[in-house]
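Input: a single structure, listed below in structure tokens.
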């Protein structure tokens, strides 16, 4: 039986696609400038309270795979959360996102690969993030989970963890720094290089989080490293292996992109360190917790105190409208606000008051005149009465 030209072309294309899928591709280690690296430092509460819960509902409804992964992790988290120490501000959605990513990453599922590739490319522009990134809520909750579980560098960087990859390449020169560009698991057991193409990364992380307590069974030390932690890269001996030493900083091209922040030309260092307070009391179900969480700011002097954000390349984007979703107006950036003053962020847009949300409504504060105005009104009334008499 003769095979037609069309059938031959189809078979060749199918073969090429299969080869591309199963081929182990070399990983380039660099600053991952196309990754979506927002840390939401200036808009954490606004995002968490006002926008992300609705985003999660919409993204789960439109992405069946995400919905399945989330619901499976939700059940695991419910059974696990009473057995581990947690910071006071650590919420269920943080734990669910963490459990979901750990499970999918360990099993190397299609969802893990889909999410990782999306994160690595969604930062090309704000439009790519807004229109093309399907995991905005998942990314937010996972980022916040790692921030809240973070410990001081002195405690986390003493022990080396390892990661292997097929033919990782790094171009030495300049600062010799790199970021992974996606959330990365590393292990305490050093693997043996099976061939010359396998690269072993020895990683000393400051901002990575030990996650073995989140697993169902005891295991070796496993560390989840944030995508934007900056490492100093050096070569180990004469082979392909590399040493990655954290500089105890992250850097980001984005800050509150969902609220209008544009991509900066340079990767801006984030100098905020979160000092969580941990709680553990599984026996008391209705335990009431007071929020004693605090942030210890380690701010460095980068020039004048009132240095403008424009000096760092921060730009403001006009609001972009997505069909079926409300995107808030971009946050204004005052000229006298310094880059380091992230403890007093610029107020966001005020929503239109709804029922019982305005101060004059029955559920709010009464709008009373000031005391001085009351005195003036009484005086005027008395004068008018005296004149009339």
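A Cβ is built for glycine as well, from the same backbone N, Cα and C atoms used for every other residue.
The 10 Å shell around the Cβ of residue 101 (NAD(+) binding site) contains 26 further Cβ atoms across the protein chains shown. Secondary structure at residue 101 (NAD(+) binding site), as computed by DSSP, is helix. Sequence annotations record features per position, and here Swiss-Prot assigns NAD(+) binding site to 101, 163 based on similarity to another entry.
The compositional bias 'Pro residues' annotation in Swiss-Prot covers 346-356.
Residues annotated as region 'Disordered' in Swiss-Prot: 325-362.
Per-residue pLDDT, averaged over the repeat '1' (283-292), rounds to 39. Among the features that Swiss-Prot reports, repeat '1' is placed at 283-292.
The annotation repeat '2' is assigned in Swiss-Prot to 293-302.
Swiss-Prot lists 1-26 with the feature signal peptide, giving sequence analysis as the kind of evidence.
When other Cβ atoms within 10 Å of the Cβ of residue 163 (NAD(+) binding site) are tallied across all protein chains shown, the result is 21. Classification of residue 163 (NAD(+) binding site) by DSSP places it within a strand.
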